[in-house]
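> So Swiss-Prot has the following annotated:
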- 76-249: domain 'CRAL-TRIO' (DOMAIN)
- 275-383: domain 'GOLD' (DOMAIN)
- Lys11: N6-succinyllysine (MOD_RES)
- Lys51: N6-succinyllysine (MOD_RES)
- Lys253: N6-succinyllysine (MOD_RES)
- Lys257: N6-succinyllysine (MOD_RES)
- Lys393: N6-succinyllysine (MOD_RES)
Amino acid sequence: MSGRVGDLSPKQKEALAKFRENVQDVLPALPNPDDYFLLRWLRARNFNLQKSEAMLRKHVEFRKQKDIDNIMSWQPPEVVQQYLSGGMCGYDLEGSPIWYDIIGPLDAKGLLLSASKQDLFKTKMRDCELLLQECVRQTEKMGKKIEATTLIYDCEGLGLKHLWKPAVEAYGEFLCMFEENYPETLKRLFIVKAPKLFPVAYNLVKPFLSEDTRKKIQVLGANWKEVLLKYISPDQLPVEYGGTMTDPDGNPKCKSKINYGGDIPKKYYVRDQVKQQYEHSVQISRGSSHQVEYEILFPGCVLRWQFMSDGSDIGFGIFLKTKVGERQRAGEMREVLPSQRYNAHLVPEDGSLTCSDPGIYVLRFDNTYSFIHAKKVSFTVEVLLPDKALEEKMQQLGAVTPK
């Protein structure tokens with residue numbers, strides 16, 4: 001049995017009655033605590049009464065702390081309204097609202113430098129509540145229960161800039177919040193126009209997703225427009241995504257409903273860096289350099305780094321060893337990222353690199369040009385691996401876009 005209204009086993013019916021009894025003290029604090037609502041929490045915890053109750057009580061506290069009942073009257077800051085991409089547009093064939101997330105033009109670093117993380121989270125909570133309210137309206141309009149949404153992730157333009165560690169960590173926090181407070185509200189999630197980098201990005205956020213959510217993700221291949229039309233009527237799908245819907249002015253992207261983001265002008269910045277913890281610290285003598293080695297076993301892995309120097313600038317470059325098992329000078333190795341000097345004492349430096357060849361990669365901090373000062377450098381380096389199963393599936397589908 002699915003554990004949904006009208007499809008409950010005797011055991012599940014008994015669990016529902018017991019659950020309602022156990023949590024009756026908090027039900028008045030919830031917007032619409034019908035059987036559909038309570039079953040969402042039970043399904044999310046496999047009908048384990050103790051875990052379901054703990055989850056729901058935690059959610060009630062979350063609603064109080066975040067003042068969720070009044071969140072729709074709150075307006076996000078201007079920069080978030082203008083540049084946080086995404087939006088609700090149309091309904092699928094069953095009447096569920098559709099939400100689009102537009103990844104490519106999203107300036108994640110710009111948002112975190114221009115707005116507080118709290119305001120960004122609050123905006124996403126507001127979006128979740130907006131979708132739930134739309135489900136209620138659709139339920140009344142269609143005369144049947146609508147309680148979940150369809151998501152479309154447009155991944156065209158997903159690049160290394162989106163792997164910036166603070167941005168990935170912030171997105172992970174949001175996913176945890178979503179899983180804990182909006183269970184069973186996702187019907188399906190379509191990934192369209194996924195580039196080669198997508199399996200690496202997915203592997204970073206996968207730990208934050210429940211097994212149930214992972215099962216609802218469908219990565220579509222080159223025929224993604226045809227697939228979407230199996231679930232969505234053409235008049236409910238923007239022309240941009242293979243349908244016939246346009247804005248009143250004829251815009252095929254339906255920009256009145258979907259925000260396409262963009263690079264954030266620096267005039268909006270309220271800080272020049274996001275605080276980070278570094279895993280390593282090293283003192284580099286004057287006229288010297290420091291090398292750290294990372295073995296890359298197969299193509300498609302990503303090296304991601306952050307570093308800061310103390311008091312003065314530092315040189316940084318990446319090389320690929322031509323001889324394994326011995327230290328090589330910079331001139332003896334293959335240059336992958338040209339060495340240059342960075343003012344990492346003023347603003348921490350970060351970056352990432354897709355490794356096209358296997359081998360030993362050397363990240364070299366260069367202080368050879370300094371005849372007087374030693375430099376203290378703090379840094380974190382990680383090797384990001386692709387989700388191999390997803391990578392293989394994308395290759396079979398022909399899902400990969402060139403970039």
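Any Cβ shown, glycine's included, is placed from N, Cα and C.
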> Any idea what DSSP makes of Lys257 (N6-succinyllysine), helix, strand or coil?
coil
> Based on Cβ atoms within 10 Å, give me the single least packed residue among the modified residues Lys11, Lys51, Lys253, Lys257, Lys393.
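Fewest other Cβ atoms within 10 Å, among the modified residues Lys11, Lys51, Lys253, Lys257, Lys393, is found for Lys11.
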> Distance check, please: Cα of Lys51 (N6-succinyllysine) against Cα of Lys11 (N6-succinyllysine), rounded to an integer number of angstrom.
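Between the alpha carbons of Lys51 (N6-succinyllysine) and Lys11 (N6-succinyllysine) there are 17 Å.
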> What's the CA to CA span in angstrom from Lys257 (N6-succinyllysine) over to Lys393 (N6-succinyllysine)?
32
> Give me the Cα-Cα distance between Lys11 (N6-succinyllysine) and Lys393 (N6-succinyllysine), rounded to a whole Å.
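Checking the Cα atoms of Lys11 (N6-succinyllysine) and Lys393 (N6-succinyllysine) gives a distance of 38 Å.
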> Summarise the domain 'GOLD' (275-383) as counts of helix, strand and coil residues per DSSP.
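Result for the domain 'GOLD' (275-383), in helix, strand, coil order: 3 helix, 62 strand, 44 coil.
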> For the domain 'GOLD' (275-383), provide the mean pLDDT of the predicted model.
95
